[in-house]
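Participant: After the structure tokens below, expect a handful of questions from me.
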Amino acid sequence: MIASHLLAYFFTELNHDQVQKVDQYLYHMRLSDETLLEISKRFRKEMEKGLGATTHPTAAVKMLPTFVRSTPDGTEHGEFLALDLGGTNFRVLWVKVTDNGLQKVEMENQIYAIPEDIMRGSGTQLFDHIAECLANFMDKLQIKDKKLPLGFTFSFPCHQTKLDESFLVSWTKGFKSSGVEGRDVVALIRKAIQRRGDFDIDIVAVVNDTVGTMMTCGYDDHNCEIGLIVGTGSNACYMEEMRHIDMVEGDEGRMCINMEWGAFGDDGSLNDIRTEFDQEIDMGSLNPGKQLFEKMISGMYMGELVRLILVKMAKEELLFGGKLSPELLNTGRFETKDISDIEGEKDGIRKAREVLMRLGLDPTQEDCVATHRICQIVSTRSASLCAATLAAVLQRIKENKGEERLRSTIGVDGSVYKKHPHFAKRLHKTVRRLVPGCDVRFLRSEDGSGKGAAMVTAVAYRLADQHRARQKTLEHLQLSHDQLLEVKRRMKVEMERGLSKETHASAPVKMLPTYVCATPDGTEKGDFLALDLGGTNFRVLLVRVRNGKWGGVEMHNKIYAIPQEVMHGTGDELFDHIVQCIADFLEYMGMKGVSLPLGFTFSFPCQQNSLDESILLKWTKGFKASGCEGEDVVTLLKEAIHRREEFDLDVVAVVNDTVGTMMTCGFEDPHCEVGLIVGTGSNACYMEEMRNVELVEGEEGRMCVNMEWGAFGDNGCLDDFRTEFDVAVDELSLNPGKQRFEKMISGMYLGEIVRNILIDFTKRGLLFRGRISERLKTRGIFETKFLSQIESDCLALLQVRAILQHLGLESTCDDSIIVKEVCTVVARRAAQLCGAGMAAVVDRIRENRGLDALKVTVGVDGTLYKLHPHFAKVMHETVKDLAPKCDVSFLQSEDGSGKGAALITAVACRIREAGQR
């Protein structure tokens, strides 16, 4: 018993000594985590070089765009063919994908050989052979009469210019077909099919095996955004942000990058890591100086590395008693499969002996232990190097997404990964050690790259179908020049109807006289109070106008909230609240009890009977205070002031915000004769000739007309321009059938239009993978400020996703692009409609004055105009386009409509004083 224990101990010690001896000898092949992180850092730099326009030509790691812009989302369906060519055999596959709530893939495939003489013959022979095999396969399945889409996996270095156009850079893996390098392989295969003439197919996509692997796994796991192959060769691909890919135009979305990482180190960046054995392998290879990283890690070279180490150690008399056999000296005799077999056993001694004896050697126990250890070191180094480069890719994706922790899946294929007993486990452990901030899942691709090519094709078909469906919906919101001219024409007709005594009562565009007959002339002076009520907040202002235009205007103001219960209570409660706030403001300014002239900006539809008498026609913007509609708001305000008995005010003028805006800008620019607001609501005013204002007596001079253009279309005159989404938003609003034009252009409604379109797209499976979240069903979540943020040019899709996440909408990159597109279309239409209305106004002023050309300024205010990144520009372009005889300038009103009310009061006081004199 003791003897056997001693013997076991002796062998263990012997084994241990032998292992240590090999470890020392191969010290440079054993890489620490520190070294691996350094390699990872270098690889990151190489990736950036490959992506940059200026550095790409000289970069070793080519980072080739694949034009694959999306991974599967599980809704793909249809029948597809795939060709998988990447070695001496190639496969033809028929893939049927069904999506009836259960993702299901059916496959038929057949393997065809490529004879050596065809591999080395002409390109025509090669592609004719492929077409023949394809015909044979389609015959068997009896599908020759169908024109099916085909995906082509072509695993050779290519320069891809489109999804279905790929130029072979150079043959590898023993292929030498003449006349193919530098040519588009898709065109060559199409020609071969045409030469036969007995079937037709639609070649949609050409991809390499790495991309195929990512797509195959992406169908089962939607987090899969990296593809890895470690087999005869090695390569990886991953989804990169378009904004970083300089070789392809466009910044939106993502694209899969075929890294061609086998060439890492070809520029010398791994020279300190490569050993004498790596150099020897390279010198004896078919492509010296090329694919140096691949030669350190892939199955084609691993066995050869072990053989070279065994030879050198034998020559130095460290193994086999210094004896060599002819077989051991023969290149390629030690195969990668042998490494897997030897490492597959616990101690590997029996298998090592078998392999070494096959090579004509007579190994001792120590020789077998050493061989086992050499295999371990070579395969572990391979897994570690793979892990280092993968860590760089994961780190990059994590930074691209700006996530604290990245959840990502890597789709993997290749004989080394699948067949080596420990490679996968070592790779996983090392990756997780090197990037602790990532939760990485490795998913084996079971059906290889052929199914992946079919998936790329299926995704391309899905994207094209979905794109067509979305465009069909969105085209109703995209207005042509002629359509916009028609909107302008109709607006002019409605303006006429509102101004005319006969038609005014039934006209939706009310064209209300404001009794403001002059703009500032610069001689106004004095202290004025202004009230500005037009939304859930209102302002009280003290405006000090110094004599002369350059004396300027000094302003003090305070903002007060109007609680919802007051908005929806009685009129007395609302006006008592307003007076309470005025009292607070006067006290705050140290002016308690002072009597001042007051201008009141009241931004609701009113019928004005004089400058200081204005009858509220109807509440808008969510107000519902009872007992106000049909009443004079100045009287309601005065009554509330008397109820308080604390101060008295001289209410000189009541105006709406649009007029206030025109007056504010008129103080700066004498050409300003139009006011426009595009914010929560929308409206416009302008200086009309008195002779046309039939509701007011007098023919001389001009008067500002408050158009109340939000109601344009309430008589059905815009019905052919309204979409189902406009109708839905209108029906669910507080005032169905009213303010239809406003509901197509103003900030209060654009987000709702977008939300309704997104719901429609989701129901039809064109967005958010067809899943409608409860959040998306919630009215009002899509605030217009989000539209402004989403469309901001400096915002990457990443931030768009963050906004959508904040709204509780889990979105992919593709979803973010679609949401952004919808926002763009809706906001653009709003700006164009607004521009068409404005063109009608300025053209009317020009025609009123009988001018060939008019120079006019529009004073503008409102959050949509000011904050949306493109609204103003699109609107300006539209006005220029539709009213070419008018030179229109736009002046932003900086101090809002409150200052305008004070200026109107100042002008009125000036005119009143002049009259008294």
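Note that Cβ sites are derived from N, Cα and C of the backbone, with glycine treated the same way.
A quick note: this is a predicted structure, and the numbers were derived from the prediction, not measured.
The following feature annotations were taken from Swiss-Prot:
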MOD_RES   Met1  N-acetylmethionine
REGION    1-16  region 'Mitochondrial-binding peptide (MBP)'
DOMAIN    16-458  domain 'Hexokinase 1'
BINDING   Arg30, Asp84, Leu85, Gly86, Gly87, Thr88, Asn89, Lys425, Arg426  ATP 1 binding site
REGION    73-207  region 'Hexokinase small subdomain 1'
BINDING   Asp84, Leu85, Gly86, Gly87, Thr88, Asp209, Thr232, Asp413, Gly414, Ser415, Ser449  D-glucose 6-phosphate 1 binding site
BINDING   Ser155, Phe156, Thr172, Lys173, Asn208, Asp209, Asn235, Glu260, Gln291, Leu292, Phe293, Glu294  D-glucose 1 binding site
REGION    208-447  region 'Hexokinase large subdomain 1'
DOMAIN    464-906  domain 'Hexokinase 2'
REGION    521-655  region 'Hexokinase small subdomain 2'
BINDING   Asp532, Leu533, Gly534, Gly535, Thr536, Asp657, Thr680, Asp861, Gly862, Thr863, Ser897  D-glucose 6-phosphate 2 binding site
BINDING   532-537, Thr680, 747-748, 784-788, 863-867  ATP 2 binding site
BINDING   Ser603, Phe604, Thr620, Lys621, Asn656, Asp657, Ser682, Asn683, Glu708, Gln739, Arg740, Phe741, Glu742  D-glucose 2 binding site
REGION    656-895  region 'Hexokinase large subdomain 2'
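In terms of burial and nearby residues, how do these features look in this structure?
Facilitator: Within 10 Å of the C-beta atom of Gly87 (ATP 1 binding site) sit 16 other C-beta atoms, taking all shown protein chains into account.
For the region 'Hexokinase small subdomain 1' (73-207), residue counts in helix, strand and coil come to 35 helix, 54 strand, 46 coil, using DSSP.
There are 12 other CB atoms within 10 A of the CB of Thr88 (D-glucose 6-phosphate 1 binding site), with all protein chains counted.
Cβ neighbours of Asn235 (D-glucose 1 binding site) (same chain, under 8 Å, six or more residues apart in sequence): Asn208, Asp209, Thr210, Leu228, Ile229, Asn258, Met259, Glu260, Trp261, Gly262, Glu294.
Secondary structure counts, DSSP: the region 'Hexokinase small subdomain 2' (521-655) has 37 helix, 50 strand, 48 coil.
Cβ environment of Thr680 (D-glucose 6-phosphate 2 binding site): Gly535, Lys621, Ser746, Gly747, Met748, Gly862, Thr863 lie under 8 Å away, each six or more residues apart in the same chain.
Around the Cβ of Thr784 (ATP 2 binding site), a 10 Å sphere holds 25 further Cβ atoms from the protein chains shown. In the three-state DSSP scheme, Thr784 (ATP 2 binding site) falls into the helix class.
Around Ser682 (D-glucose 2 binding site), taking its Cβ as the centre, 29 other Cβ atoms fall within 10 Å, counting all chains.
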Participant: Rounded to whole angstrom, what's the largest C-alpha distance between any two of Ser155, Phe156, Thr172, Lys173, Asn208, Asp209, Asn235, Glu260, Gln291, Leu292, Phe293, Glu294, listed as binding D-glucose 1?
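Facilitator: Across Ser155, Phe156, Thr172, Lys173, Asn208, Asp209, Asn235, Glu260, Gln291, Leu292, Phe293, Glu294, the two farthest Cα atoms sit 20 Å apart.
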Participant: Where Thr620 (D-glucose 2 binding site) and Phe293 (D-glucose 1 binding site) are concerned, what is their Cα separation in Å, rounded?
Facilitator: 70
Participant: Would you identify the secondary structure of Glu742 (D-glucose 2 binding site) according to DSSP, in three states?
Facilitator: helix
Participant: Would you please pick out, from the binding-site residues Thr232, Thr536, the one with the fewest other Cβ atoms within 10 Å of its Cβ?
Facilitator: Thr536
Participant: For Ser155 (D-glucose 1 binding site) and Gly86 (D-glucose 6-phosphate 1 binding site), determine the Cα separation and express it in whole Å.
Facilitator: 5
Participant: Cα of Glu708 (D-glucose 2 binding site) to Cα of Arg426 (ATP 1 binding site): how many Å, rounded?
Facilitator: 73
Participant: What are the sequence-distant neighbours of Gly414 (D-glucose 6-phosphate 1 binding site), meaning same chain, six or more residues apart, C-beta distance under 8 angstroms?
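Facilitator: Gly414 (D-glucose 6-phosphate 1 binding site) has long-range Cβ partners Leu228, Ile229, Val230, Gly231, Thr232, Ser234, Gly299.
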Participant: Among the binding-site residues listed here (Thr172, Ser682, Thr784, Leu787), which has the Cα closest to the Cα of Gly86 (D-glucose 6-phosphate 1 binding site)?
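Facilitator: That would be Thr172, the closest of Thr172, Ser682, Thr784, Leu787 to Gly86 (D-glucose 6-phosphate 1 binding site).
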